[in-house]
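K.L.:
I have a structure here, written as structure tokens, and I will follow up with some questions on it.
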Amino acid sequence: MFKFTFALALCVLAAGLVLAQHNPHWWGNRNTIVHLFEWKWEDIAEECENFLGPRGFAGVQVSPANENIVSPGRPWWERYQPISYKLITRSGNEEQFADMVRRCNEVGVRIYVDVLLNHMSADFVGQAVGTAGTEADPAVKSFPGVPYSAEDFHPSCEIYDWNDRYQIQHCELVGLKDLDQSRDWVRTKLIEFLDHLIELGVAGFRVDAAKHMASEDLEFIYGSLSDLKIEHGFPHSSRPFIFQEVIDHGGQEVTREEYNSLGAVTEFRFSQEIGNAFRGNNALKWLQSWGTDWGFLSSGQALTFVDNHDNQRDGGAVLTYKSPRQYKMATAFHLAYPYGISRVMSSFAFDDHDSAPPQDAQEELISPEFDADGGCANGWICEHRWRQIYNMVGFKNAVRDTEISNWWDNGDSQIAFCRGSKGFIAFNNNMYNLAEVLQTCLPKGVYCDVISGDLINGSCSGKSVYVGDDGLGFVSIDSDDFDGVLAIHVDARI
């Protein structure tokens, strides 16, 4: 009887740990993450204090914090080729990283680190040197900065067949030296690395290339991590939030369902389908059933995004900053519809797949500069600073814990819906005007459309909508309007 009770207790404890890894530890009603791709730590700290905190963002996904290989021209992907677990990159050193985490936590913005547990650097012509000056010899799988030697890696092989589980989880993804996570030494070093980041105050991790690691190995690693630190504002026994990169468009040998019990999973189907819809390849009316009916993961298990740093470079249906009108509409729908754990992208401009982030003549990252409207210049796109996006972060905060109601569509690509009695949004993706009296579900009053303008000192710089006693309001979105979306909510009442 004792053995049974003890075993049951262990099962309950394990289940609790797994469920806890889905909790992003947001402050208050905040519920949107932004990926500040390739930003420096000092710049992120300032952005948390000056913009993200005041605008109600919940967290930041930051680029890999550990030492990476120095590659000619400094392409973005060098950050995904580890040399050691020293916290020195072009984004800054350990002291700067720790200062960023502390300052962001103090203003209610959590930090999630992109981590590389699957592999180390690929082969390199000449001496491989990292951003901390550490030397390595990837050709013989020697990484003395950890240290790792050949016995810590799977035997070298290439992935030829994406329906072969062994190749996917044992061979080298684009030549990257594939760690053997079943080895005690490898597990120990990975856990030490993640625990060090936890000690510095991070809230969790985005796990790169998770599908290339056996889920049972990841389960052991995640389960061995320390709790988050109470001195950084986390409750007792809080577990790190885990979200895992698992590319699964269906029909895959390794599936997202193998990982979603361990933490959230990146829902790439969301990105593909929302791009299809707002590119006009699918009528918006079908979005009424958005979510699991589309074959997506359950809401609490899905990390959702319009684009990410990888697929924005791959073309196809995925929308990016290069199609700004449709991109803003897709992002507005993403943040208005109650599905998933939302992440928005903050990019730098690129002309080809390998483009480096903005850098100076010495190949050091440069800080973003801001124009008179608060947008970014000098090579940084900063979608999160576009009014249509940061105001939808505020909309999402205002309507948190409400459901969809009063869906309306024209049978094609004009749609509208309420979020409880707190928010209303409408879209026009047709080539003709939308002009309708619609149920907004809001109390009587005049509301500022947070897409076309800001509410500043009681005045709206954009459109406004009058809502009567019956909740009805006249909604107008012309086909040639700068934005094809209108959004109002209780916190934007004039």
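A Cβ is built for glycine as well, from the same backbone N, Cα and C atoms used for every other residue.
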K.L.:
Pick from Cys11, Cys104: the cysteine that Swiss-Prot pairs with Cys48 in a disulfide bond.
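P.N.:
Record-based pairing for Cys48: Cys104.
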K.L.:
I want to verify the bond table. Which candidate from Cys441, Cys448 sits on the other end of the disulfide that Swiss-Prot records for Cys460?
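P.N.:
Cross-referencing Swiss-Prot, the cysteine bonded to Cys460 turns out to be Cys448.
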K.L.:
Given that Swiss-Prot assigns Asn308, Arg343 to the chloride site, pick the one from Arg206, Arg239, Arg400, Arg419 that the record assigns to that site as well.
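P.N.:
Matched candidate out of Arg206, Arg239, Arg400, Arg419, per Swiss-Prot for chloride with Asn308, Arg343: Arg206.
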K.L.:
Rank the disulfide-bonded residues Cys48, Cys104, Cys460 by the number of other Cβ atoms within 10 Å of each Cβ and report the first-ranked residue.
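P.N.:
Of the disulfide-bonded residues Cys48, Cys104, Cys460, the highest Cβ count within 10 Å belongs to Cys104.
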K.L.:
List the residues in the vicinity of the Ca(2+) site, defined as same-chain residues other than Asn118, Gln169, Asp178, His212 with C-beta within 8 angstroms of the site's C-beta centre.
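P.N.:
Once Asn118, Gln169, Asp178, His212 are set aside, the remaining close residues are His119, His154, Ile168, His170, Cys171, Leu173, Leu179, Ala209, Met213.
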K.L.:
Taking DSSP as the reference, which of helix, strand or coil describes Asp208 (active site, nucleophile)?
P.N.:
coil
K.L.:
Excluding near sequence neighbours, so keeping only residues 6 or more apart in the same chain, what lies with its CB under 8 A of Arg206 (chloride binding site)?
P.N.:
Gln61, Tyr112, Val113, Asp114, Val115, Phe243, Gln244, Glu245, Leu303
K.L.:
Please state whether DSSP places Cys448 (disulfide bond) in a helix, a strand or coil.
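P.N.:
SS state of Cys448 (disulfide bond) = strand.
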